[in-house]
Amino acid sequence: MKNKTNLGLSVFFFFICLVSVTSDLEADRRALIALRDGVHGRPLLWNLTAPPCTWGGVQCESGRVTALRLPGVGLSGPLPIAIGNLTKLETLSFRFNALNGPLPPDFANLTLLRYLYLQGNAFSGEIPSFLFTLPNIIRINLAQNNFLGRIPDNVNSATRLATLYLQDNQLTGPIPEIKIKLQQFNVSSNQLNGSIPDPLSGMPKTAFLGNLLCGKPLDACPVNGTGNGTVTPGGKGKSDKLSAGAIVGIVIGCFVLLLVLFLIVFCLCRKKKKEQVVQSRSIEAAPVPTSSAAVAKESNGPPAVVANGASENGVSKNPAAVSKDLTFFVKSFGEFDLDGLLKASAEVLGKGTFGSSYKASFDHGLVVAVKRLRDVVVPEKEFREKLQVLGSISHANLVTLIAYYFSRDEKLVVFEYMSRGSLSALLHGNKGSGRSPLNWETRANIALGAARAISYLHSRDATTSHGNIKSSNILLSESFEAKVSDYCLAPMISPTSTPNRIDGYRAPEVTDARKISQKADVYSFGVLILELLTGKSPTHQQLHEEGVDLPRWVSSITEQQSPSDVFDPELTRYQSDSNENMIRLLNIGISCTTQYPDSRPTMPEVTRLIEEVSRSPASPGPLSD
């Protein structure tokens, strides 16, 4: 009898637990449906007749929703009040959508939340302080949004917080005194000011660029009476009021100072006018030289560096007419100055996403490449800070940055010159009888070299991305060694200047060319691999060749036919013995171009996989290390 009673109680409690779990999962289901119905943009294709744990992006444990990952799926509009009902949620990711408005207040109910990824949206308003009261939060990424106001003072309440990314917003004020031990931190490209707190002085310099900040790891703060390197607004002294006599004295002093300045300017103008009269009289008797710079300026042609020492927008070769000279990072390529660079004979190499490129040849034999940046949207201080970071980057498969020049009208970047030009020109250029096709070994070497360069960039910092990976930015040396160019320039350029021809490489979640990510780089690199193997251009128009949606085209062919059918005929005509390795590299490219960012491999993983392909016995030879 006793055993029957125990059995009955066990069954009773089992059904109680089952009903409880079912009701909790039903509450989660209602919250997810409210989210689906409340957001705009691309609809979430969830099968409402199936259990919510089977829906795309939803992950469950013990019958409850513990993770919701919907990165780059085209959601837009404000988030509804719904997610706070997912009380067992540990991971929430809405990365790289077009969501806007403030964060819903019911986020405060997510007491088990550990990872929050909201970067790459258009969320606005102040960063809610309740995010830092979540007891289990470990990682917060709010980068690349439109958040305003100050960083909440209660950051230290999040005692388990290890990562805080707030870059590329519109935050103002000082950084609060953060005492918790953060492993990753970034507030670059905001409007913050003041001194950097000592506990953050060990963070990389790039974490603070694009603000009015001072102190380690940036330049030291100016010494003043406030003790923190900044002028404290509203600071109280013994008296904030000035006497009437002091005010009168200040007014008289200002008047006298203005009068003196006026007299100085007046005298200088008269002197300059006399000099111009004398100069004009002497010039009247001399022949008038023809200025190719002036002709170029009137023709409204594409920007160029012209050989007589002026750029096409009229920048003079006269050293007195330029504000500053070149800033060098390496001088092993040879000595030259701005005047010499502008006098060098120039040849147009091409017009890219960020500006036009030229081959500059000096009389003494030195040859360099010059990129003339257009639509730079960052101020001079931030431009110089970012270029200093780029100048410190060195890798065998990255084009070396030699020097740069900044003025109001000109932004020039000088790189090493690569004699064989770009991969794009070799793949899609003249295919006449005199052209030597790229064989499998050369293409595999190019893929590996480019992968190593991008992997190196990603290893420097979790927020460092190339941002503009395409075949025209893969340059080749005389020995066909691949070197990647145009790295890390995207955040400085206006997104309106990025043409449609890069769309074929752009990841589906990227809506703003300046808001890039490492996973988006992986997608672009995957397209590059497919381009190498198929010989087809992914851009809308490339050297008069019609472009295709490469990932979709490759997917459609491989689903219906043999994978070998996608390969460039020039690649398979003479090297059928390498077919197995080509298919392996093709699969790497396909995995990189998966629609969902979280499903893509990292660049170190991609590099390792390509290295394994190179070591395969079927390969024509080991790829260079």
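Every residue gets a Cβ built from N, Cα and C, even glycine.
The shown structure was predicted, so the numbers you read here are calculated from the model rather than taken from an experiment.
In the record from Swiss-Prot, residues Leu349, Gly350, Lys351, Gly352, Thr353, Phe354, Gly355, Ser356, Ser357 bind ATP; the candidate from Lys331, Lys371 listed for the same site is Lys371. The binding-site residues shown are Lys351, Thr353, Ser357; of these, the one with its CA atom nearest the CA of Ser345 (phosphoserine) is Ser357.
Reported as a whole number, the C-alpha separation between Ser517 (phosphoserine) and Thr353 (ATP binding site) equals 18 Å.
Across the repeat 'LRR 4' (160-182), DSSP helix (H, G, I), strand (E, B) and coil residues number 0 helix, 7 strand, 16 coil. Note on the repeat 'LRR 3' (136-158): residues 90, 95, 100, 111-129, 164-180, 186-187, 192, 463, 512, 515 of its chain, located 6 or more positions outside it, place their CB under 8 angstroms from a CB of the stretch. In this view, Leu349 (ATP binding site) is surrounded by 20 other Cβ atoms within 10 Å of its Cβ, with every protein chain counted. Neighbouring residues of the recorded ATP site, listed in sequence order and excluding Leu349, Gly350, Lys351, Gly352, Thr353, Phe354, Gly355, Ser356, Ser357, Lys371, comprise Arg372 (Cβ within 8 Å of the Cβ centroid).
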